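Working notes, beginning with the structure itself.
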Amino acid sequence: NTMKVLFLVLILFTCVPEFCHAFSIQQGIDFVLSLAQNKPVQQAFDLILSLTQNKLSLLENSKFVQQLFDKFKSEYQRTYLNKQEQQQRLEQFKETLKSLILAKVQDLTFQLKLNEFSDWTIDELQTLRGYVPHNDSDRDAPIDKPQPILVDHRRRSSLSRRRLSLSRRASSLPASFDWTGRVLTSNSAVTVTRPIKNQGQCGSCYAFATVAVLETVFTLQYPASYDLSEQQIVDCSKAYGNYGCGGGFFEKSFDYLKANAWNLDSSSSYPYTANDYSSCKAKNSGVRFAKLAYGIITFGDEAAMKSYLYNYGPLWISFDASNPYFNSYASSVYSVSNCGTLESQTNHAMVIVGYGTDSSTGLDYWKVKNSWGKSWG
């Protein structure tokens, strides 16, 4: 029966290597993969890992790697130009498997998984990180604290571009808070934040983070949600100092919006193309904000970050996403020892949407919204 077969598979995967035959091990792998035929590739990988004593030895089994790669290709609808590219992608996929296996034996505070980037090359992964740090020395301070916030003058008092602090209000804040899934009190059908988007192979994270904040500003002002155009920022802010798919800044994106009289098209009228080949084609037929302003929270003032997050909405941040583990992040509190703390070390823009304390680790965390699609995180 099924229980006996599963017990047999367990024996095959955990037996002493010198008494195991390769054919028997492969037979067990084949069986497990057949059980997980309609499951995501990550579930199949997890199941096989849980039944395998010497996990790294799996990488020496070319048939297993190929089988898992084929399942990955099917799930993520991969097609390659030729056999040479397919072999290169297979090798990259194998490297990802290795990093995930090695992570299993480390005392990490977070989990990893296979995702749509598991066959990407290092150069391709680099395109995801499109924040360009400032060169001026006065900005080269630890940046996990000072973050741009954005407000609409129609709903909040005027703010100039200055460093801000609201520490005195921290005592009235909840222990945890999350904008994700929150709805308007005036219209419960409207969520404050928009769904996760995907920037593709274009270093436009700065545009996605900017638009994510603007979408929330709009929703909090009006009882409606709106998908705004990241491509307009990519194409049109190049004249103001951004680099299209080569990266950019919050400030330069803001400068463009100001020069464009605070107009931003919808994503349907100015759709995202994940490239920067086109000139600016803004129609100014979407939304028009009242005069906007932003501020930079005082360095080191996490209480102010929480206060502005709670009172105004999500915060635009730049972050050091260089650690390879970040590419495969799945869940829990991401904490690594080599995370850069200077702005010159940051390379990716995201949006903080919440904060709290993780019950399993006791670690305080910031919840961020990324622009790498739904398979990440």
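Using N, Cα and C of the backbone, Cβ positions are placed for all residues, glycine too.
Which of 76-103, 132-159, 160-187 counts as coiled coil depends on TrEMBL, and there it is 76-103.
The average pLDDT for the coiled coil (76-103) in the predicted structure is 94.
According to DSSP, the secondary structure content of the domain 'Cathepsin propeptide inhibitor' (69-125) in residues is 33 helix, 3 strand, 21 coil.
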